[in-house]
Each structure stands twice: as C-alpha cells, then as structure tokens.
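Listed in Swiss-Prot for this protein:
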type	residues	note
BINDING	76, 111	heme b binding site
DOMAIN	18-161	domain 'Globin'
SIGNAL	1-16	signal peptide
C-alpha cells in the first residue's frame, strides 16, 4: 500500500512541474487573445457538455441560446474567465506557486461542495482546449504548454473533488 502512495506522489510530482518562463509566456499570450470572449468561452463549454450547464441552477434545463445573451450568463462567464486569468497571470514565476496552489485548491473545494466530478473537470478542459485551438495561433508548442498548465492545475483540483 505504501508503494502505491509513493508512486502516486511521484506521478503527481512529475506532472506538477512548474511552467518554464517560455511555457508561461505561450499560455499567457494565447489566453490574452481570447480572454475578452468570456461569453463565447462559457457557451462553447455548455454546448459541448450540457451536463456542465446542468450543474448551474440558474442555467439548468434552459436552452443555451436563450441564456447566452443574459446578464446572469455574462456575469458567470466573467467570473470563470477572471479566475483563469488570475491563475494564468501568476504562472511562470515559482514565487507565486503557493498563491496558485491556494486558488486552485479552493476551486477544487468549492466544486466538490457542488457535486462536480473529476470527469466534468475533464470535459471542461476538453472544451476549453477545443475553443483555444480554434481561436488562437495553435501549434505543438502552445498545445504542450497548455497541457502542462492544465495538468498542473488538475493535479491540485482532482484530488480535492
């Protein structure tokens, strides 16, 4: 049993390696190109995964087209994008690691309380990466940087769910 615990810690440690300055720059610059599209980002997530939309009481059971242009939708989309923007802005600087860990840990705790699953976080990731890859200059280097950033984030979030 101890072996598996150590193995799990080694895997998480290997996954959760900080972004280099170059990787952080790729994530930050690509995010900057789309972060003003809050409503479109959240709409893309909901369109791809209606089960995620169903987790939001104010949007559950409603047609996406009927809520996309509402103030409530824009407000929530801005909250999500602002959170991502804050974490992304802190990335690439090792002295910010504890701040990122605190923010992302709270994200996991908050979403556990709402019954969000690791699978739904995976769906969010898939939808976000699909959105990014269709709206920014997306090459292997950008994809690798985003995958590393998301791996790091999910290594903190998923165990808390």
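In case you wondered, yes, glycine gets a Cβ from its N, Cα and C as well.
Around residue 76 (heme b binding site), the same-chain residues six or more apart in sequence whose CB sits under 8 Å from its CB are 42, 56, 58, 59, listed in sequence order. The DSSP breakdown of the domain 'Globin' (18-161) into helical (H, G, I), extended (E, B) and coil residues amounts to 112 helix, 0 strand, 32 coil.
Within 10 Å of the Cβ of residue 111 (heme b binding site) there are 19 other Cβ atoms, across all protein chains.
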